[in-house]
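The block underneath contains the structure these notes are about, expressed in structure tokens.
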Amino acid sequence: MNDTTAKTLNCSPASRDGFPETLGDFGRTRVDLPVVLVAGPTGVGKTAFAVELARALGSEIVNADSMQVYRHMDIGTAKPTPRERSAVPHHLIDIVDPDEPFDAGDYLARARPVIATLHEAGKVPIVVGGTGLYLKVLTRGICAGAPGDPDVRRRLIEEELTLGLPALHERLRDVDPPLGARIHPNDRQRILRALEVFHHSGKPLSYWQRQHRFEDAPYRTLKIFLHRPREVLYARINDRVDAMMAQGFLDEVRNLLAMGCGPELKPMQSLGYRQMARHLRGEMSLDEAVNEIRRDTRRYAKRQLTWFRADPEYRWFDAADTHGLVARIVRETPDLHDNRLR
């Protein structure tokens with residue numbers, strides 16, 4: 001690595017629409033192992049940008065989307081197309097079946113060795129996804145002390161069906177006020193996880209999080225967040241849902257149900273799959289299911305924006321000019337290519 005990259009990342013909110021310094025000034029740590037993180041809300045265009053960047057840098061992509069790890073769930077998770085995956089090697093896609101437990105700890109255990117292998121090969125890993133928790137544990141470690149229990153989780157899911165998610169969120173606010181205030185009332189997975197930890201351990205998840213000491217950053221990271229104007233993003237989300245339906249999303253869910261993937265499985269409770277399964281069970285019309293997917297996807301995108309706004313290390317860029325951004329990365333970060341890691 002050359003000495004021009006030794007400055008510490010300094011990204012203030014006012015600088016998020018562009019670089020306050022050169023790209024070569026991204027954060028250096030004790031361990032000089034560069035990683036590019038590409039985040040953004042669902043539908044913004046992360047995959048296309050990451051493929052273009054990986055080709056320009058002669059690198060490979062590491063998935064950081066919590067749903068793309070599952071086999072047989074392709075359309076609803078918007079996995080990279082066969083053409084994109086043939087253009088650039090992708091890692092951590094299709095690695096577990098829908099009935100296999102998989103969480104942030106499992107992701108960390110899988111991702112770190114892949115990144116190490118790419119570094120050994122002289123390549124800069126490009127980690128891509130919108131799952132903020134996966135990106136966070138990759139760079140900061142994980143709160144491993146918070147215990148969970150599958151039986152408690154199943155009981156909570158049953159309560160959700162009878163009482164509704166708002167009632168569970170209100171309970172969370174009672175038993176864990178700090179976390180209940182931070183978690184959005186529609187953030188189903190985090191509500192269930194927090195209540196699971198509380199009912200199993202007798203202590204709120206915020207207690208376990210306070211016990212965790214974040215590790216020193218193991219990588220030198222360039223954190224890129226792609227965004228678009230809200231009306232543009234929402235239009236892209238609506239178009240994506242329409243495209244999913246045209247590609248056979250309903251049949252994909254029907255096949256998963258035929259394979260024995262019931263509503264109790266975490267992947268089947270996710271956005272899109274939950275609504276299609278409810279339609280197939282006769283609980284809502286197809287139009288109702290599609291409209292709910294559109295609405296909930298827009299809400300999910302809004303939560304993603306809120307999550308990443310809280311991390312000042314991400315540099316925000318309009319996804320409409322990804323070609324220019326790739327060219328700038330290549331021009332201003334010479335240590336990220338030309339086999340400089342060898």
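Cβ coordinates come from backbone N, Cα and C, glycine included.
Check Swiss-Prot against the ranges 189-193, 239-243, 309-313 and you find region 'Interaction with substrate tRNA' recorded for 189-193.
Looking at the stretches 29-32, 65-68, 145-148, 169-172, the one that Swiss-Prot records under the feature region 'Interaction with substrate tRNA' is 65-68.
Listed by sequence, the residues of this chain that lie at least six past the ends of the region 'Interaction with substrate tRNA' (189-193) yet keep a Cβ under 8 A from its Cβ atoms are 148, 153, 156-157, 160, 165, 168-169, 172, 183, 205, 266, 269. Every protein chain considered, the tally of other Cβ atoms within 10 Å of the Cβ of V44 (ATP binding site) stands at 25. Each residue contributes its Cα atom, and for P41 (ATP binding site) and R154 (site 'Interaction with substrate tRNA') these two points are 29 Å apart. Those same-chain residues not listed among T42, G43, V44, G45, K46, T47 yet with C-beta within 8 angstroms of the centroid of the substrate site C-beta atoms are G40, P41, A48, A78, G130, L226, R236, A319.
Of all the binding-site residues listed here (G40, P41, G43, G45), the one with the fewest other CB atoms within 10 A of its own CB is G45.
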